[in-house]
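Enquirer: Before I ask anything, here is the structure I am working with.
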Amino acid sequence: MERFKKASSIIEMLKQHGHEAYFVGGSVRDLIIDRPIGDIDIATSALPEEVMAIFPRHVPVGLEHGTVIVVENGEPYEVTTFRTESEYEDFRRPSSVQFVRSLEEDLKRRDFTMNAIAMTEEGEMVDLFAGKEAIRLKEITTVGDAADRFQEDALRMMRGIRFVSTLGFSLEIKTKQAIETYGHLLEHIAIERITVEFEKLLTGTYCVNGLQELVETKLFSHLPYLQMSEERLLKATQYKWDSFETDVEAWAFFLYCIGEEHPSVFLRQWKFSNKKIKDIVAVLLAIRSRKEKEWDTILLYKTGIRIAEMAERVYEAIIESYNSASVKQVQSLFHALPIKNRQEMNVTGNDLLSWTDKKPGPWVAEMLQNIEEAIVQGDLVNKKEDIREWLQRCNLL
């Protein structure tokens, strides 16, 4: 409750000005579940302009949705006016938002009952839709009719399955049936928004459960590059998923589990940045090499420590070893390398040209690569004179 106490002064100030105010959303849910608390959000009957008048330190980030960020005790908090939403456009966003003075009207528009619990600054729960009971049963249940909620915003179906993965809850039967019926509406949602939810699913503690629900509800058939992948997804559930340190590792493990042969093509369908695609593919390539042999100096040098660490963690998950010492061994081997990259070589292409009468050409790059590998393998000291003598001894100059 300590973090809520820090934010309670906002609620107290709003109430002093004649407004209602409550803690709402995921932070209240996580408090009940006894999970780490994320962002703390506040809902109030005060209109955005009234909130800004009360709190001089504010940022008007989403006034059209009623949201003002209030900075209190050095922390930012989203303060949002109670609101209802009109008909939704394209199954993803309301055509308009109406501010109201009723907490119940605000809570009834939310996605799942576990997320529709409010809490006073004293810690008293306002549970109008049996959210606490759903949490006790570990069930994900929509507020009101599931068909209505998913037709309003189709992304809620992905959120529901994401919560299966992150919380270890199960889908309430009518909620699950509605996902099976309305899964096709997910095709109206921007891929980027789906990717965010799927990534949270992959990094969840109960990821296997989430993947199983993707299959059972057939929602996978509306996801990029997974339309015909029921067997591949079921194969992925046979692996023991670990809590990876990075999302790159989670995606690499997933692609390995489903046997994806064209990872770059797959990831482009999910609208990833070129850098992230490059990292994930690099991890997969390193895993392929790692399966063939232990790390050696050349493989580790060419891979680089950042990719190598991720690849080793994923490899340990694949073989179900989970040996943390293996990553430390990779780190020790890398730190023992004479050089960590080509920029640390004490010779340049210009040096090579000055030592010979040859004209510039491809031979310069080839020679630098030979020198680089010799240094990395410990066959050559990284000193300019030693390098020149080595080249002369090998008749390479």
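Placement of Cβ uses the backbone N, Cα and C atoms for every residue, glycine included.
Below are the features listed in Swiss-Prot for this protein:
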type: BINDING; residues: Gly26, Arg29, Arg110, Asp153, Arg156, Arg159, Arg162; note: CTP binding site
type: BINDING; residues: Gly26, Arg29, Arg110, Asp153, Arg156, Arg159, Arg162; note: ATP binding site
type: BINDING; residues: Asp39, Asp41; note: Mg(2+) binding site
Enquirer: Below 8 Å Cβ to Cβ and six or more residues apart, same chain only. Which residues does that give for Arg29 (CTP binding site)?
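Expert: Result: Met114, Asn115, Ile117, Gly131, Ile135.
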Enquirer: Rounded to an integer, what is the Cα-Cα distance in Å between Arg110 (CTP binding site) and Asp39 (Mg(2+) binding site)?
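Expert: Arg110 (CTP binding site) to Asp39 (Mg(2+) binding site), Cα-Cα distance: 17 Å.
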Enquirer: Going by C-alpha positions, which of the binding-site residues (Gly26, Asp153, Arg156, Arg159, Arg162) is nearest Asp39 (Mg(2+) binding site)?
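Expert: That would be Gly26, nearest by Cα distance.
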Enquirer: Taking only the Cα atoms, work out how far Arg162 (CTP binding site) lies from Asp41 (Mg(2+) binding site), in Å, as a whole number.
Expert: 20
Enquirer: Whole-number Å only: compute the distance from the Cα of Asp153 (CTP binding site) to the Cα of Asp41 (Mg(2+) binding site).
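Expert: About 21 Å separate the Cα atoms of these two residues.
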Enquirer: Any idea what the Cα distance is from Asp41 (Mg(2+) binding site) over to Arg159 (CTP binding site), rounded to a whole Å?
Expert: 18
Enquirer: Report the same-chain neighbours of Arg159 (CTP binding site): residues 6+ apart in sequence with Cβ closer than 8 Å to its Cβ, ordered by sequence.
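Expert: Within the chain, Arg159 (CTP binding site) has Cβ neighbours under 8 Å at Asp111, Phe112, Glu197.
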Enquirer: Under 8 Å Cβ-Cβ from Gly26 (CTP binding site), six or more apart in the same chain: what's there?
Expert: Gly38, Asp39, Asp41, Asn115
Enquirer: Work through the binding-site residues one by one (Arg110, Arg156, Arg162) and point out the residue whose CB has the fewest other CB atoms within 10 angstroms.
Expert: Arg110
Enquirer: Here the binding-site residues are Asp41, Asp153; which one has the lowest number of other Cβ atoms no more than 10 Å from its Cβ?
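Expert: Per-residue Cβ counts within 10 Å for the binding-site residues Asp41, Asp153 bottom out at Asp41.
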Enquirer: Once the DSSP letters are reduced so that anything not helix or strand counts as coil, what is Arg29 (CTP binding site)?
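Expert: It is helical.
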